[in-house]
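What follows is a single structure, written as structure tokens, with notes after it.
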Amino acid sequence: MATLRQVFSISELRQKIFFTFSLLALCRIGVFIPVPGINGDRAVAYFNQLLGSSQNLFQLADIFSGGAFAQMTVIALGVVPYISASIIVQLLVVFMPTLQREMRESPDQGKRKLGRMTRLFTLVLACVQSLLFAKFALRMNLVVPGIVLPAMLSLKLFGVPWVFYLTTVVVMITGTLLLMWVGEQISDKGIGNGISLIITLGILASFPSVLGSIFNKLNLGSQDPSEFGIVSLLILCAVFVFVLMATVLIIEGMRKIPVQHARRIIGRREVVGGGSYLPLKVNYAGVIPVIFASSLLMFPATIGQFLSSESSWLKRIATMLSPGSVAYSIFYVLLIIFFTYFWTATQFRPEQIASEMKKNGAFIPGIRQGKPTQTYLEYTMNRVTLLGAVFLAVVAILPSILGRILRVDANVSYFLGGTAMLIVVGVILDTMKQIDAFLLVRRYDGVLKKDRPKGRP
């Protein structure tokens, strides 16, 4: 409580938190605004019938969008195009030496260029996905007439309802760009990572429906092991606690590398070198691999699902990449491991750490300074990252498997374990760290101001 009072007693931090919550509230408003020409109630009824209790791609997309996907609202695409664009840009940096050189020579200018590239790719991907979404809506309208209002279908060009296509594409692109802008504003002027907070908000919005699914399915008096009874509920709660604890362990765990400091002469005094440690995080990438892997699998599977009626091989791809399938689980695990290594390789700088240690007279016992220290850090980080990546993949995939065994609804297994819980817990921990860091800086700033002699600026 003391920390909470301290948080809200600082005007700047209070403004940042208020700014963040205000923009997140703006995102939630978009969930209830349907695309012009779409009957949201009929769309939700169709999706509920389509999804049922089985694990389905659309179920995952709906959870990530906070219910906007099933209602066919203006932000139905969510931030998936932005995340996919970020993956493409990060891969381009790895495979294009010119971008790498620009990032080294002028980091600020390089970041601005990558930001522009990410926005451009986001626009292109949002355009493609919104076109597919419009096509899928028309296909749904054939099954359940009235999902698309007749007025939107009256104007046609070469048999194509161009007004509906144009309206859907423009509105959904605008919704995606709005979410992208909100995410960037939160990251720059608020607290936490904006895009991650938007995803977390969407996941948390499904919590009431998850509780409803559990209570509707729960049969306390049943002795049939195939039904969801008290034993299944206890197992589900145990899985939830395990995922919660494992997520915290993965994100907070670290390998401490002992570091010694050489004796130094400061003025006329000889300062005796002391000992400290260099923390290497078990999972340096946090929940970024989970978000990237989920979004990357969702993109081709969405295309396959939207166009499955027109091609048998696309239908097979959509079925193969449906959440809960063996192929989906294998690809998901491999992508999590890949993105864990990929993100660590792009963010962890062993050569810079080794250089700073040599400059400050610090060394790892038994390891020479310079290149040997860099090699040792790379080797150690690779081993630690392997452990973290495998652990992260197991935690992400295990609850979905147990969910199928316990015969619970897909939204329950998604929320109480695996992907959703990893993202929610990881983002909350990251946001809390940012708040703690802000409080620490203000505390030191306050001490410096207090100890500053009068008359000095």
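Cβ coordinates come from backbone N, Cα and C, glycine included.
Since this is a predicted model, take the numbers as computed values, not measurements.
As annotated by Swiss-Prot, transmembrane segment applies to 17-37, 75-95, 118-138, 162-182, 195-215, 230-250, 287-307, 326-346, 386-406, 412-432, with the evidence given as sequence analysis.
Each of 17-37, 75-95, 195-215, 326-346, 412-432 was scored by its Cβ pairs under 8 Å to the transmembrane segment (230-250), and the highest score goes to 412-432. In terms of C-beta pairs under 8 Å, the stretch of 17-37, 75-95, 162-182, 326-346 lying closest in packing to the transmembrane segment (118-138) is 162-182. The transmembrane segment (162-182) shares the most Cβ pairs under 8 Å with 75-95, out of the stretches 75-95, 195-215, 326-346. Just going by CB pairs under 8 A, the stretch in 75-95, 195-215, 326-346 that sits most against the transmembrane segment (412-432) is 195-215.
Sequence-distant contacts of the transmembrane segment (326-346) (same chain, at least 6 residues past either end, Cβ-Cβ under 8 Å): 90, 93-94, 283-285, 288-290, 292-294, 296-297, 320, 381-382, 385, 388-390, 392-393, 396-397, 400-401.
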